[in-house]
Amino acid sequence: MAVDHEKIEQAARMMLEAIGEDPDREGLIDTPSRIARMYDEVFQGMDQDPKEYFATVFGEDHEELVLVKDIPFYSMCEHHLVPFHGVAHIGYIPKGGRVTGLSKLARAVEAVTSRPQLQERVTATVADSLKETLDPHGVIVVVEAEHMCMTMRGIKKPGSKTVTSAVRGIFQNDAASRSEVFSLIRGGNS
Ligand SMILES: Nc1nc2c(ncn2[C@@H]2O[C@H](COP(=O)(O)OP(=O)(O)OP(=O)(O)O)[C@@H](O)[C@H]2O)c(=O)[nH]1
Ligand SMILES: [Zn+2]
């Protein structure tokens, strides 16, 4: 579904008026339409299903870890509609030759983060999408992010980071494999 520009423009105009601004002054006159166009981009994941990206698989016989680290993302916190941003790390062990394209992992992150979100839901949705489509032996998704609603307002704790993980399949019971992935993720960040 396309973003309703007219509605966003009306709302943005009303919000500017509500804070005591003049939405018709030169600097603000195009702001409502800019916000509408920005929301096209920022919320383009509203009608995207991350599972669709995993439809293409290569019959590659690799039943060992695949890890794509440090996938940058920006999302909008659903409580305040301000950004939270950081990186996602996705590791999985393919099964039955179902290996997906590396870029598809980043595309899934993009789809899931391009809508009003919670960090926990981003993490779980990416993990579940991969699990449900490729049925791999195991999946680990780790997301590290800074939330602007905790830095520029409210409790005001810049630099604080939230780390969430979602673990599926063999990683749930195999502590050694799980900690190997976590240390590979940590390794590149030092
Ligand atoms: N669990 C979780 N909480 C989040 C996320 N993004 C923002 N929040 C939190 O959502 C909560 C909303 O709390 P409320 O008390 O309803 O809103 P608020 O009065 O603006 O809260 P403060 O931020 O404490 O000022 C805050 O504690 C935010 O830090 C997220 O991705 N996951
Ligand atoms: Zn927030």
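Each residue, glycine too, has its Cβ placed from N, Cα and C.
All TrEMBL annotations are machine predictions without curation.
Under the heading domain 'GTP cyclohydrolase I', TrEMBL lists 8-186.
Its Cβ taken as reference, C149 (Zn(2+) binding site) is surrounded by 16 other Cβ atoms within 10 Å in the chains shown. Residues or ranges marked as Zn(2+) binding site by TrEMBL: C77, H80, C149.
Secondary structure at C149 (Zn(2+) binding site), as computed by DSSP, is helix.
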